[in-house]
């Protein structure tokens, strides 16, 4: 089942390869079918998933795969490395509470992305092949439980993303695409070294050989004394933690590694922005929760405070930057940075509330930001501009659009009753409970104020009041005295059309429903989060050493 | 000075040679092919390029049979300890034959060489001669034989580089190559003579025995090693012996460039490994030089310098062949990393890396030729918009370049993975080299991606042209190389296991 959900898009990609490039509609429909198939599979997985099983790490004495579910484990590569015994790489997939939320999110956002890609006209065939490759890589990252496999999927995302930004992007796309590529590769090459180092330091208790299994690596008892990342090798363990953290932080993106994100977002076409903000950024924090923290818990304990500080910087700095933007998409991009800061803050708290908030925030940020970027795309399609002060008074002419904007904007600023509120509240509760992170939490609350400021201010400038004198649309008054507007070369429906509504309505429902009753998602992840907190806690570690 | 050997002595020499010849069949076979090609060229007239290419490929494929038969033979040394038959050598024999076949495939599509007025007869003969020379470089266990083998490769390579007589760039490249080659051969010989002076032996194993038994002056040793390294470094194209390579790579006909960058480089590595692993093993603690440097330290510095220099200078290149020349300098640096560990895992990783390099570098050059046939140049600017006009070639080149960077899921990634695994298996000892390696590979991403950037992200100045046909055969070769690069990136087990099996050198003790 997991294999199918991972490789369905790539199968679609192969089919598209055989379709002549003039058959644009067929190409789109094949992609959509794959995405919908992923969605169906995601729902099936969700129904089958047993939320009482924790995952994270192999349960002592229990199943050798830990309490992961829907496990697929087959030997992939087995090499003889002489004195190091066999090199075993496994095709090892499975889900626990952390990954299943991300699987659901990825399936949802991938499908929305396909719909949003409907308007792409340039080289449709190439676009959807790359898009499907990207979809496979993202999904693969979230379900891989073998570090090697994870790494392959992780790097596989880069090339499609490079081309998707670089070919279908805005005017400055060359720069944005290579910047994205270089930044993320810089982060991930260190991951390669850490991966190899971990391989030589960990023994799978089942086979007695070195292993790439993340489940085995998450158990500190499996590390060999004297190995490069063994329990007594303090310096290298710190170094490994830091470079892994930087690698994931680039993806998040965490200040000061965030500068690729605004560039990438501004240049990327709308669907790619949606994917980027909706899923790709989550991979950074997911990597921290799956790999970075549980594999080096003692370093995490020592570095919690620093991570929290960076989280706070992200929150406040991102909000400030967003406040200064004239370009609506850039503003949303910076708001992403700000909101990912909450995730970092929640992780830094390292208690159940904080972690729960962090993971829930990852899910909510995915849905909310996808909405935000879609809405930005709607106005950009019509006006070919995103300058916030080139509009004004849109609310009277595009009421449905304004309605969705309001929901998304308010969800983003954390209005109670919408999903963003709950996750941010949990993050703050968690961060407040720990003495270490309490001052950081207090400072970070300011981020909410600034967040409200830039969101409300942009809402006001674009939608309320009257048409600005230099606005990008024309105003006409007909014989009955009714005002009409039209954008210069926009032939379609002025307000949201059916396709746009199909994308926005499900997201809107999720945002509202999860704000009122968060249990469908939160119920999935509590057991796993508690286990993760336990693994990361100092007590658990001292028991091992 | 020499006494006339008696009849009985001559008899015994002949019988030893006859006995050794049984282990020397692939080389003899290929030497025969060399002569057949020359004769065929004489009898078939001018328009025989395709026919000769077919004979060369058939002949090279035929040699695989004799190499395969050698796999059943025991590891041995023959011809008075001049030459060895071992798994390591057999691996390289396969490698060089494959490299020769690919070089022929590159040659047949090259328009520049197709138009060559004085025919292609000598070209294919020289190509086969170089295969023999490279095989001998990988298997020689005697200083004299090593030198002879290397000269055979060099002489063939000079002639092939300057094969386009009317093209001043080709002639210039050949002359530069010759001058550098002559100097480095001289240095190599000087180093050999110092070593001979110290040990009075030419056989590598005996040199090692004498060195271990009687000790040596570390200063003389380091001089000898430096000089020998200069000679080998020239073949490998490693910094600081690389100065010839950008000009030669740019000026030579592109198939020759590819052949040099893979075949002759690999031969240099094979010889370096055999020489250092067998003749001057590391770790004779009692004879540490007063300068505290030994050949391993020199190799580390050469490796670091090659990775940094090759990758950094490549950033500013505007000509694709030149860019790939600098990238090949960088790859020499990565390959050296696997030798530095001095163990079986390292050797294995070098062999895997070389195999991946064979596929991806030939693949890249193959597409470069296809593109040059169309545009008549190798300038980056002329690659604009080619992604649309040549969809398969563009996609394949992207895969090869990604593989050269070392990103999964390509074979190049497996090469890098193995190399870094070998380094890290020694704990933190070589961490600094591993760090240089991965950081420079990030740099390499930038310049490799300049090619897809021009192909896909920029529009051509002549957008009206439609899809360019490259022909069925070319498509097939491109697709095969691309699929193999991807396939071995995911399922590298057979090659890696074979490399492990082959990492056994005659007379070397690797842990």
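Each Cβ is built from the backbone N, Cα and C atoms, and glycine gets one as well.
Nobody curates TrEMBL annotations by hand; they come from automatic prediction.
Small disclaimer: the values here were computed from a predicted structure and weren't measured.
Annotated by TrEMBL as transmembrane segment, the relevant range among A:28-46, A:47-65 is A:28-46. When Cβ distances are compared across the two stretches, the transmembrane segment (A:238-260) makes no contact with the transmembrane segment (A:440-459), since fewer than 3 pairs at least 6 residues apart fall below 8 angstroms. Between the transmembrane segment (A:440-459) and the stretches A:303-324, A:362-380, A:501-519, Cβ pairs under 8 Å are most numerous for A:303-324. Pairs of Cβ atoms less than 8 Å apart link the transmembrane segment (A:127-145) most often to A:151-168, out of A:91-115, A:151-168, A:501-519. The stretch in closest packing with the transmembrane segment (A:151-168), judged by the count of Cβ pairs under 8 Å and taken from A:91-115, A:180-202, A:362-380, A:501-519, is A:180-202.
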